[in-house]
Structure formats: C-alpha cells, structure tokens
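Visitor: Below you will find the structure I want to go over with you.
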Amino acid sequence: MSPQTETKASVGFKAGVKEYKLTYYTPEYQTKDTDILAAFRVTPQPGVPPEEAGAAVAAESSTGTWTTVWTDGLTSLDRYKGRCYRIERVVGEKDQYIAYVAYPLDLFEEGSVTNMFTSIVGNVFGFKALRALRLEDLRIPPAYVKTFQGPPHGIQVERDKLNKYGRPLLGCTIKPKLGLSAKNYGRAVYECLRGGLDFTKDDENVNSQPFMRWRDRFLFCAEALYKAQAETGEIKGHYLNATAGTCEEMIKRAVFARELGVPIVMHDYLTGGFTANTSLAHYCRDNGLLLHIHRAMHAVIDRQKNHGIHFRVLAKALRMSGGDHIHSGTVVGKLEGERDITLGFVDLLRDDFVEQDRSRGIYFTQDWVSLPGVLPVASGGIHVWHMPALTEIFGDDSVLQFGGGTLGHPWGNAPGAVANRVALEACVKARNEGRDLAQEGNEIIREACKWSPELAAACEVWKEIVFNFAAVDVLDK
C-alpha cells in the first residue's frame, strides 16, 4: 500500500459510487446574497427520483463527478459545491420539476460570461440520468454584476448621442439580406434614412462575402448616412456588422468603423461567442461606438420548452457581456414570442431592479445595481398596422425595426420609411393625448392615412397580413 493510500484511508476515504443526493441535495440550505441562483426545468429518466436528478445537476455543474475521488479530501466541498436547495413539481407536466441550485461565487471567474456558462450549462446537459434539462432563469448577485462592464453606453447615453427623445427609435434591415453589391446596398441605406428612419441594419449573415466585401460596404453605408444626415438634419446610423471569423478581424472592422466616424457597429453574439462579444463591447466603450446585438442561433438554444436555455437567461448574459441593443421578438410579428414572457425579459434588459414575478416567467429578483440598460429591438414580420401594438407593448425605450415592412412598400424604400415614421409619430401623439393604443390603434392609423399617401399605400398592401400561430414556449399554468 502506498503512503498516499494509507494517508487517505486514515481519514476515512472510501472508493466507490454514492448517490448525488447524499452530498448535493440540501433542502435546509439558506441561500446567500452572494450565491448565483439557477432554476432548472428537470425531466429525469424513468426511475430517477427528482431529488437525485436535482442533486446530479448541482454536482455535475460544480464540483461533483460520477465517483468518489481521493482529492475531495484536499479541498472544502462545503465551500465550493453547488447545492440543490428546492424542488417543485411543474403543474400540468408529467415528470417535470423545477430544481433550484445555489452556486458559491468563488466558482466563477470575475467578468466572464464564458466561464459562468461553461460551469452552469456545460457537460450537465448531456447527462444520461436526465431525459431533458432547461435553464429557466439565473439570479446574478450584485457582487458578481459589479465585475462586468456591461453595455458600452446604455439607453440614456445613446439617446444623448442621437439627440432623440420621447419615442421609440425606428430601424430597417436591408433586404435582400444577401446578394446586393456594396453600392446598391448603400443606395438602399440612403433611401431609408432620408425617408425618416433612425437606423438601417446589416442582416446577421452579412459579413464579408464575395459579392460584397466588408470594407466596401462600410464605405458606401457611411456615405449614405452622412448624405441622409445632411438632408434631414437628424443623426442617423447604420449597424455595420463587425462579426468575423477571428476576434482580431472583428476588432479591425470596428476600428475602421470608428475611423469613418459612424455611431454604431453590430455583432452576432451567440454565433460569435461571449468572449468575442465582451471584447468588442470593451472596445466600443473605449471608442464611443454604440453596439447593436443580433441573437442569431438563439432559437436553437431556447425554443424548446423542456430542453436548452430560456432566452431570459441569454438576455441577462448579454447585458453582462455588453450590448446597447438586442433583438427581443415582437409578440405580434412572424417570430416566436409570447407577450408576458417577452415583457418579462424586456424588463430584465432595461430596468435597474426587477422583482420576482412567476406570471412573467421571472424566477428571481434581479438587482443590476449600476449596470446600464439595453434597448430591446422588435424585428421580424412587422408592418405599419402593428405600430400601435408595438408602441403600446415596448414603450419609448425600444427600437422598432421594419425590414420588409419598409422595403416592401409599393412606391420604394423612401416612401416605406415615410410610412413607418408617420405611423409612429401618430401613435406617439395619440398615446400622449391619452388615447388607448390597444383599443383605438387601427383608427389612429386610418386617421393618419388621410394626410399621408405613403402610409395609405402601405396600409393597403399589408391590410390582411397576420401571423396567427401559437407560441411554442408558453408560461406554465
């Protein structure tokens, strides 16, 4: 017998496998203000008790492994282990439970969303004892929040930079998303901006392809927005997508955007990755650039109700990693988004303090302390008839983004932009006068059509376009 084995034997080490719940299920545990708290939707395999499943999640996402190891004796498990401290049965669902897990803050590197997710949603999601696992929510303690820079600038600073107050901002994604030359792309940008939009946008998959290299696109878009600014007297922006195959190339593109003097760049934060996103957010803070975030790939992760990560968690992670805008769904458009759930994570993006509210899917009270807020972006299948609902749902601190709803106007891009701006101004005016946008929305739009032929034409084109599909991800009953 080796000296090491003799030493461990003397303190009671016993090799073998024991149930996770004996170590990691601790219903008596009182959570600390510094703990990261997680709510998991757990679907155990047949025959696996919920307590064992919840404890397995806590173990495999913190200090545990499948067998007892002698090196456990070289550290303090009580200090570092995750703890499943509560389990609730999901009403109306067979064999589904919400397992609450507390993680000590010392498990995580400061200022790193990458490290946080590597632990909490790493290998545990492939664990055989679970049929499915979904991370529903996280509580990020103020002590950890303060290690992040967060959004480069935030809502108020953006409004001050743009000199735009008292209404939602208007945007448009240039279509077709792929295939235009840089010059034709810039022309479309110019027409939309001179028509009254605040922003135009690269689509998420516009990077640097053979038909339009990034440097050419940046130059023509900068020319377009400066020309539109000179004609309208308003500050304009175009989301120049800096996403690239390497972090070095991404930063190079952001540097060129700064040299052109444009106000905003863009990043695909899930496909690009949190490390790249945080790096770009830090560059934008240091160099006065706003940062628009697209959530391409999110539905692969968040759409299924029993497995993956809920978007409210991805939204919190983005606020920590850094971004001034993020796409959030529309409630009324073509993309998934149930109203109460959407409004729940919109508040988590914008507000400083959000109370627990299970009716909106918010499992934990979240205090963001001094972290700036993020503007939610409503985009996807929306048009002028949706304007009253969007204004009522999202309020002033939002970006309403009409791609096809601008470029599909029968008279062209600029009239499409005019129609959207007129519809927005009419809705804001009506709201400020005390009218009910939810009840009187269609009437408000029809009244505005009388003095805007561009809006009237848009209303005629899209009068019968609806997307009546039930949401897949809905609140538990």
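Quick reminder: no glycine exception, Cβ is built from N, Cα and C everywhere.
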Visitor: Besides N123, T173, K177, R295, S379, which of H327, H409 does Swiss-Prot list for that substrate site?
Guide: H327
Visitor: Where does Swiss-Prot put N6-carboxylysine, among K164, K201, K305?
Guide: K201
Visitor: Of K14, K183, K450, which does Swiss-Prot mark as N6,N6,N6-trimethyllysine?
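Guide: Record says K14.
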Visitor: Cα distance, S379 (substrate binding site) to E204 (Mg(2+) binding site), nearest Å?
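Guide: Approximately 12 Å lies between the Cα of E204 (Mg(2+) binding site) and that of S379 (substrate binding site).
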Visitor: Nearest of the recorded positions to N123 (substrate binding site) by CA-CA distance, picking from K175, K201, D203, H294?
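Guide: Closest candidate to N123 (substrate binding site), judged by Cα separation, is H294.
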Visitor: So among K201, D203, H294, all listed as recorded positions, which is physically nearest to K177 (substrate binding site)? Use the C-alpha atoms.
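Guide: Result for K177 (substrate binding site): the nearest of the recorded positions is D203.
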Visitor: Among the recorded positions K175, K177, H294, point out the residue whose Cβ has the most other Cβ atoms within 10 Å, with all shown protein chains included in the count.
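Guide: In terms of Cβ crowding, the pick is H294.
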Visitor: List nothing but the largest Cα to Cα distance in Å, as a whole number, among the residues N123, T173, K177, R295, H327, S379 that the record says bind substrate.
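Guide: Binding-site diameter by Cα atoms for substrate: 37 Å.
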